[in-house]
């Protein structure tokens, strides 16, 4: 890691860089590898029928093309190719649902999300923190194992954060909730991963909120400004990549004193309150992780969770505001469950949260109706692969499944274009009560992925979103300004997020 930073900060002679660049260009011309899509001629390529296949068109109208491809190919069990405007060097293949079972159990050595991330977001050039086995273990095992103990701390952070960012008046006041939600989710995950010391650092919270946009912007600019054979130069020369390095370095400086306190046996957390830094220190045994390693783990989890959780929370809130009668019914459920659990000091437990069946069903239906991502289970083929039915995919092919189309397929969900707030509650009552909840994954609900590679943090996200909504619905009257309803989502490539700039009216209930 030290060598990494020395290299990042070195000041090479322009002449040396020029010579190396020319050498790379010559080598690229002489030994040009076979393009990945050369081995995909057996899979149809879908384009816009009107002939406008510009990059801007693909980014703007992705859902329309996915829908056309779903009706023509994937619903009939056939894959198709789409142009990959974000990563032209790697073709993307949209797969039908029949391949879900094989992909769900495929090892990382065959189909890799990490490789997909490196290709799609240029992680090797932007210096963005990467997923590691430690990160996955920390979230999938330690966080889920300690969920009960983490909820009290999470609720405390949510209450403090929302109270500081939302209006606190007896009169109706306008606000744009998104940044309050991003700040809140960042504080909550910081408390879980680093205790009070980390969640109390405003610099860290701001860094954790901003690093996602920083890394994505760096990757986009590098892709636009550097051809593939010259991208190695961007690691040292591109301002965005250098800004990511500076952020990572500063994050290590913030984390290091916390680590030293833990090693000295002192910490500013309640007895019995576990957190990610403790888990990392315990997991390393005799090998002590560096502050940079710990900070990178923390930043990666923030990149993976802060904005997705915030956008999902905002989307559910918008859907509730469009259905005030349903919202009142859910508030009634919240109050009834809270009354049954008054003996826990006003704090929500796992058991109490699990009894909020109407809220959970509404969240699941909102997640189906307005998914924040149009696709799921993105992977890159690590090796040439042949599926059981004979479908061949060459190495480095990117694959994905069209979540948005599964969600709106009448053969999967009856009356798919109707928002039914109790859809999933009725499914639980009619079948297995342990299925069909918000964090549940199946071949019909793949928003969180599937199988052994399903999102490991989905259970925490479910509890966190519930705690956020409980606080907002019970502490505030909330409504749209007169005459307004949920604005259209912002669709960009495979992203389908709620409008972050919409104004909502808040009034503090406790003071009104």
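Yeah, the Cβs are placed from backbone N, Cα and C, and that goes for glycine too.
Positions annotated as heme binding site by Swiss-Prot: 455. Under the heading N-linked glycosylation site, Swiss-Prot lists 53, 124, 168, 499, 508. As annotated by Swiss-Prot, transmembrane segment applies to 5-27.
Here the features listed in Swiss-Prot are painted onto the structure.
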residue : record                      : Cβ contacts under 8 Å, 6 or more apart
53      : N-linked glycosylation site : 47, 83
124     : N-linked glycosylation site : 118, 235
455     : heme binding site           : 448, 449, 461
499     : N-linked glycosylation site : 487, 488, 489, 490
508     : N-linked glycosylation site : 167, 168, 169, 170, 475, 476
Exercise. Work out the three-state DSSP category of residue 455 (heme binding site).
Key: coil
Exercise. Look up residue 168 (N-linked glycosylation site) in the DSSP assignment and report helix, strand or coil.
Key: coil
Quiz item: When a 10 Å sphere is centred on the Cβ of residue 168 (N-linked glycosylation site), how many other Cβ atoms does it contain?
Solution: 15
Quiz item: If you run the three-state DSSP split on residue 53 (N-linked glycosylation site), which class comes out?
Solution: coil
